[in-house]
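Trainee: Below: one structure in structure tokens.
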Amino acid sequence: MGKIIVVEDNLVYSRYVCNFLEENGYRTVSTSDCTGARKLFSMLEDDDIVLADLRLPDGDGILLLEELRREGKHNPYVIMTDYAEVPTAVRSMKSGAEDYIPKKLLTSQLPAMLQDLQKRQSFHEEPLFIRESEAYQKVFGRLHVLAKADICVMVRGENGTGKKHIAEKIHAQSDRADKPFVTVDCGLLSESLAASALFGHEKGAFTGAVGRKEGYWSEAEGGTLFLDEIGNLPLGVQQMLLCAIQDRRYRPVGGTKDRKANVRIITATNENLEEAISERRFRRDLYFRLSEYTVKVPPLRECPEDILPLAEFFRELYNQEHGRQVKGFDAEAKKRLLAHDWPGNVRELKQAVQSAVLFAQGELVTAEELNLDESGKPSDPDIALKGECMEKKRICQALEKAGHNRKEAARLLGISRSTLYEKMDLYGIQTKR
């Protein structure tokens, strides 16, 4: 967990905020002006969060935010305000601030706000709430149960469908959530070094082993070991993996004693493992051990209702990351999004939207700016209409779930409040005050 950087010129209030945060388990560092903040920003780590006053003696929090974004740093940034400054704070969000908080409400609202920001930092992917296609809901409806079951799970699906994202969600909802989540790309493990990478080695275990080294298994102790592209795991190390899972023990290469292990295994593959078994490239017994439960992730082409909501989410994301103000997609661009076959799935959609946001010439992305191959499946107007109906339904559900709190509804939808207001106006959605 990173630190909280507090930028506040009132030294008494600054100390009060830091004490409050430290009592809630956060590390803090503080400064009283823009000059000091810039020095701290030069040493920012990825998981740090900035909490800055709007008005400072040598500038203001919005200018600091804009400087930070120009430097390519996207740490969460929260503005502290007095009640009279709230309209200005809202404008700061257009510069990329994640949120603002009135000072009088700081102790009641800040802990939950920071927890939410940390979750979004940990899993920087599309929020589950915007995936409402029936095919995807079947997948996500089972994740909570799988998380608590603590069994081996195999996630199967095409490249770009978000298999790692699902593994992260299972870990995050499990009793191991506060322990490590360690990812291993099995395709990068060579036959000669795979055992050492997974289980570690002792000094002198092989040529080049000049010292003792821990492996991924030790690194993931107590948590989850995610073996991505498990079909590429060298055959020679598959027996060792099987024994380690079954016995909950492993022995480092060159070691003389076994070590106990408390690690949950989640694997992912886009391969036909049944075929790999028949070709003797993958062990049948290991396959059955790893697939105590199999999650099959549908490709994006089978979830057309999700395409436009995901595109809007990524548009909002890259607006913030790149300091752009693209407001949406024109009608032809939406048709092109729905017509494309998405062989690269969500990953391809994410990259297409990022490029379009970067190079958009106007407020709306055009079909040409999406730069997609037009040879995909023919556009179906019923899908476009269904997508709009689903979007309206999703907004209404979010408002209902959030108790008609529009800020919370926007968070659930993964969009900014200004975008939510525009959508509500577009669909004529009213909310209780």
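Even glycines carry a Cβ here, placed using N, Cα and C.
TrEMBL labels come from automatic prediction, so no person has curated them.
Values in this document were obtained by computation on a predicted structure and should not be read as measured data.
Residues or ranges marked as domain 'Response regulatory' in TrEMBL: 3-118. If you look up TrEMBL, you'll see 129-358 marked as domain 'Sigma-54 factor interaction'. Annotated 4-aspartylphosphate per TrEMBL: D53, in sequence order.
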Trainee: In the predicted model, what is the mean pLDDT computed over the domain 'Response regulatory' (3-118)?
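Mentor: Summing pLDDT over the domain 'Response regulatory' (3-118) and dividing by its length gives 85.
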Trainee: How does the domain 'Response regulatory' (3-118) divide up by DSSP, counting helix, then strand, then coil residues?
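Mentor: Helix/strand/coil tally for the domain 'Response regulatory' (3-118): 58 helix, 28 strand, 30 coil.
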Trainee: Write out the long-range same-chain contacts of D53 (4-aspartylphosphate), meaning residues 6 or more apart in sequence whose Cβ is under 8 Å from its Cβ.
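Mentor: Expected: V7, E8, D9, N10, G61, I79, M80.
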